[in-house]
Amino acid sequence: MDSSFRTQWPNDGEIYYSQFRDFIEDDSKLYLVAPFAVTVLSAGVLTAHGILRYVSKSRRIGSDEVGDDGHSEVSPRGIVNMNGGSFVFSFMLARVLGCAALVALSILPVLEFAFGPLRGNSHQDPFDLQLDVSLLIANTYALSLALVAVSSSQWRKGLVRHNITILLVELAVYAVRDLWPLATYNKHPLDLDEGWVMWARLSALILTAVAIPLCIPNIYTPDDPKNPSDRPHPEQVASWLSFHTYSYLDPIVMAANRTSHLAASDLPPMADYDRAQALWKRANRHLDPMKVRKGSHVVFGIVRLFGLEFLKTVVAMTIYPLTHFASPIAVNRLLTVLESGGEGTTVRPWFWIVCMFAAPIIGSVAFQYYIIVMTRALTNAESVITQLIFDYSLKIRLKAETSEQPSGVATPPAPAGPQSSGSAAPAGAAPNKPVNKARTASSFIGRLNNLVTIDLANITAARNMAMLFWQTPLEIIGCSIFLYYLLGWSAFVGLTLMVLLLPVPGYITSVLQSAQKEKMKKTDNRTQTVTESFNVLRMVKMFGWESKIQSRIDHAREEEMVWVYKVKLLNLLLSVVTFCIPTVTMLATYTTATVVMKIKLNSATVFSSMILFDTIRDELQSTNWKISEFIKGKVSLERMNAFFRETDLLDTFEEGHSELSTTSARVLDPETIGFRNAAFTWVPDPTGTSTPSTEFRLSVPGDLQFMRGKINLIIGPTGSGKTSLVMALLGEMHFVPSHPDSAFNLPRAGGVSFSVQETWVQNETIRDNILFNSPYEEERYKKVLYQCALEQDLELFEAGDLTEVGERGLTLSGGQKARLTLARAIYSKAEIVLLDDVLAALDVHTAAWIVNKCFKGDLVEGRTVLLVTHNTALASPVADFIVSVSPDGVATSRGNDISAVLASEPALEEEFKHDQEAIKSEETIIDAPGPEAEKDKKSKGKLILAEEIKHGNVGWKAVEMFFNALGGDHVALFLTIWISASVFEYFMHSFNLWYLGYWSSQYDTHPVEDVPVARFLGTYVGLTIIMILGYIAKDIYWLLATLRASKTIHRLLSESILWTTLRWLDETPISRIITRMTMDINSVDGEMMRTTAGVQSLALVLIVDLASAVFFVPIFTLPGLFIAMIGMWVGSLYLRAQLSVKREMSNAKAPMLAHFGAAMAGLVSLRAYGAEASYRAELQRRIDYYVNIARTGYDLNRWINFRIDFLGAIFTASLAAYLTYGSNISAANVGFSLNRAVQFTSVILYFVRFINAWLVEANSLERIAAYVGIEQEPKPTEKGKPPAAWPTSGQLRAENLTSRYSKSGPAVLHGLTFEVRAGERVGVVGRTGSGKSSLTLSLLRLIVTEGSVYFDGLPTSEINLDALRSNITIIPQMPELLSGTLRYNLDPFNEYDDAVLNAALRSSGLYAAHNDGSESRLGLESSIASGGSNVSVGQRQIIALARAIVRSSKLLILDEATSAIDHETDNIIQNTLRRELGFDVTVLTIAHRLQTIIDADRIMVLDAGRIAEFASPAELLAMPKGLFKALVDESGDVAHLYEVANRKQT
């Protein structure tokens, strides 16, 4: 049965086709009227447009808003410049001349009618004259459009488009008349009798309608005419041809290949329509989070914003699949010609060969345009969404969200106080309650980090909706129609089977979506575990917890990898199913066609249908990936939507706030600072587990108005809510009106400055931190340095105030950071200054300096100061107004009589007395700067090292690490099995195809009924099953290897960071470390594995397909290799450029994230200062930097794609031409070669793309490998394990101990030799820079040491570091807490029972600090927020002390551990240390207060890194010229100190 088109096509279809063909081939000139019709339509449109512009201009004249009319320049030079310069003007002039030539050619027929034949043609028809006149009118109109376009800049673009449209229509008419017949055997051009006129007309039309529009450069039009770019982006001035072939990128590619690395500054300038500020203006009206909170989904805003881009992609994705069908059609027609010997065909073979060349290029242009539109949209979306999240985050009430127990104990999280709630409310343990949906397991910053990294990446990766929902269905429908044309109704059998099988991948997809959600949750948990662990990395190292934290991270990773495995397995299953469905469809179709319909499966049918089945298979398999990306994007969009919908905002941004504002304005004077009958809570509707903030309520009964222009003191016990009072005034707490006239007010017109208790510093220089975007005034600046006691600190740094403070101020001590934030608040010219316990981190004499020099100074005079403090005795003399906060959170006005306040608050009175004693006893400065700093001086003030950007190719070290991780202990065996399995799979694929060709060739030599269909079909089915099983086995083997590699690399990275040196941590921002552990690990888990598999498979496919394509024409091996070599050369050019760009791009992302982190860490301060706008502008600057690099990278992808497509089209077309005209092989073998050639050319492109993608992802691998190779502390060994009973005592001995912070740095301790007996309490004093903190770091071996230190008789240099540090406990001045319960903070590894933990809390003084009943106490189940942000600094120090008691170390080091605790609690703690610790526990106390260490057994006085004195207090006081004696004798409480020392001696 013949399977030709006409036997399958219905009779009426044949008639319609014949009529249409006859009309086209008729010599009638009727359709020559088309250009005239378009001309009339154009004239109408332009006339209407002109009228509208005139009316609009008249209105502007009426409102005096008339701009430039575009006709100011009329000189020849002005016209040239107006048209983009001489080069562009030459194209405009050529268009005019071409149109003039067409007019001249159109006049000839009219002149012939009027004056007789001019070309020897005597035929004259009046109807022809009408058509000729219509063409003359159309061409004259086109000429007039071209002329006016030259002289009018405002109308140029529209006029040129109309001109091109008319000429293109005319060209299409003459192409049908005169060019199409040349591609046929039996037709000739209809205008051939015109002679040279026909060719001249075609040439002029091609020049004016095609060549000039394609090649004329674009004239730059600024996005904002008021702010044009100095230098536009090359794409803004590129011609159509240059833009769509991406030739405007040639200079960048060439420049990249002339240097080892192309820096970001060498890239083109940013296009002005891509700038973040311009995008934000356009996005504001579409993306409003407030609408999302009311129920509108964020995706609708994104669709509205990028609607035009989506429409463009639909158009491109309509053209692209249509060009796909050119290849099977051309192959079918060529093979038909070869089979029939050319008999019965009308179209010449060269036409189909040209189609095989042109169609892929047209398709490539459409596809690349789709991609460039989408990549521009995705970079713009990244910019907009990043700004959207940042802007929304500035409005959020920053609660301290708690985390789930890493140990697995369910602790429902709940929101808590602000990040800076230094005096948060007391807490009580509460039973578990249902968790509010909005309370996630991640902290706010961790959640935000995921939103702007992983979730944003998922959203942008799901951009191929036009391909998924438009192109793929279009391709499948088109393939189905063409299959019907080839195979008749048997195609519907296969297609029906395919439709019936489609629910299978649909079901797998739904399961995959659920698995992806669970996987994202586990990724969140792992990210949170990593983030929190590394944020307290210094504490981890001090406590020797590296191994235990590593186990916790590994556990979180294991949980994540379980779901990663499930997701990958489901993806593999989906891939296998989508591979099998087209295969089953094909088998069903061929079986029906051969067995039932008895169709002759000739070569034309088989190889054409094979291309179509391959297309269906490719589409379904790519749909697998697209659906996977779409699912991830959908999940991330839902998470982002939940973020906007469920996160609590400040009252200012909530609905109904205007009513409260109106009430406040009516009740209180706008200039009043204070409250009236107000109450505040941290959570509007407390739900979930009780925390130290959810149940807290701040109350201000009656009127409380602070004094303007005076110093107002806010005092109260630890944890009473002093900070909360300031936060309430700033609007950070939720206002709960308790009375009709409830109100509060903080006037901001004159500015507000704020110094938070948890000091917030930027990763900038000291000067930049103080200025904080204020202009530099030298006199004021120097006064601030003096009054804030920073002058002596700056002398410690060689770069002075240009020294970088590092991330979180790690180069500064706690006191230095406190004074730096105070200096920022004082330097600001704000009228209102809020100071939250700035004296807490300072020793008494420095605090006295601040009070006397700063608070009494001229910079504070006349400004309203609200000062929260514990140090009542020191601050009360300067206070004009006092407010006290009771333990139950009630704020009361107390006037300025401190005695009355003390009389009503016994606890404050006791604290006041201790303060006075401390002031008297420490009037002498014992902590003045010494001659040397503890840390290395920085010659240029640079601490944070710039992130290194690798040059050249990917380093072997990274590749070796990757393949070692993949192969485990048998890398060579793994590679052998993996590659062999892939070779087998692709060989079977080509062999299957050849076997089909062999089957089809049987019909050329045997009758249809003699061909053993069952045998051939059975063999083919068996081969297909073998191929699929090999595919599954190979992919499962690879999947297991990827899981092994993911676990191994993650562990290598986390171990390396955990075991690195303290110095490296000081030089490396935590944001970089977190980026390695999140974004880079995510890249390795996903894209790195995918691209590695892709590179391997495509390389093998490339080899197999080339060999298959030239197997029957060996002579074409050299051209094939030549094309491949050119492709590789072009690819190498591209890779050099792209690798540089991608490396810059990856490093450009980190500053954006660091800016996020810094802004969120200081969110309360930002809002207080009103600095949101400046931070938003800085974010936009960093986004612009990133987007410009990203756009260049995406555009370079288009550059290589088009060139590879072009080379592929040349190879395929040239091979087709040779097979058609230069060889005599069979049609079956021709079909096989062409099929493999088409595959080969597409594989070249994908191979280069995957090589690039692999190299890009390998950048993450390089960054990980660089961190794996950082300097390491010694790892634990069997030899280094101390005896099980060690240490039995706290004996400590040092011999010639010398220390330095780096191997090449100066020594900070010089030859210290001393011995501390077991159970001794030793005080360590000395000036700043004398080496006190360096001594503690040396004992823990956290810095480079020389000499010997013996702890309980064993040299510490021979003991494993984790064993040493886990047996020494240090309590720093600013302790760090973890998110979770109080139990988790005391015992993070579940090593002790409740009795031990409660005893430790009792001994630490925690319960004594809250003596108002059990309900107000922190309990073991009370939730602690990340960083301890929902408890006061004092409470943190108490918890840290309790943790030390739990550890039961034989050596306890207190580094100003009680500085933020009131004196009553301090006394309890000191008594605890004397009473609770064992007799053999040694205590080293570093203190500023003489009274703290005067009763120590011995006191060590350090001076410039050396021991100046070391003896008992009594012995030191007996030294006539001793340093310690001088300090005591100059103090204000000599008798008391001598009495304590002597009593201790006796």
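Note: Cβ is positioned from N, Cα and C throughout, glycine not excepted.
Residues or ranges marked as compositional bias 'Low complexity' by TrEMBL: 417-431. Annotation source TrEMBL lists domain 'ABC transmembrane type-1' at 325-632, 994-1254. Per TrEMBL, the feature domain 'ABC transporter' maps to 673-912, 1292-1529. Annotation source TrEMBL lists region 'Disordered' at 404-435. Per TrEMBL, the feature transmembrane segment maps to 30-52, 87-111, 131-151, 158-176, 196-216, 298-320, 350-372, 569-593, 971-997, 1017-1040, 1206-1225, 1237-1256 (among others).
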Determine whether the transmembrane segment (87-111) and the transmembrane segment (971-997) share at least three Cβ pairs under 8 Å, counting only pairs 6 or more apart in sequence. no
Can you say which of 325-632, 994-1254, 1292-1529 has the most Cβ pairs under 8 Å with the domain 'ABC transporter' (673-912)? 325-632
Stretch in 30-52, 131-151, 196-216, 298-320, 971-997 most in contact with the transmembrane segment (1017-1040), if contact is a CB pair under 8 A: 971-997
Listed stretches 131-151, 298-320, 350-372 vs the transmembrane segment (30-52), most Cβ pairs under 8 Å: range 131-151
For the domain 'ABC transporter' (673-912), provide the mean pLDDT of the predicted model. 81
Lying 6 or more residues past either end of the transmembrane segment (298-320) yet within Cβ distance under 8 Å of it, the residues of that chain are 282-283, 286-289, 291-292, 362-363, 366-367, 369-370, 373-374, 376-377, 380-381, 384, 465-467, 470-471, 474, 637, 640-641, 644
Sequence-remote contacts (6 or more beyond its ends) of the transmembrane segment (971-997), Cβ cut-off under 8 Å? 603, 606-607, 610, 963-964, 1019-1020, 1023-1024, 1026-1027, 1030-1031, 1033-1034, 1037-1038, 1041, 1096-1097, 1100-1101, 1104-1105, 1108, 1228-1229, 1231-1232, 1235-1236
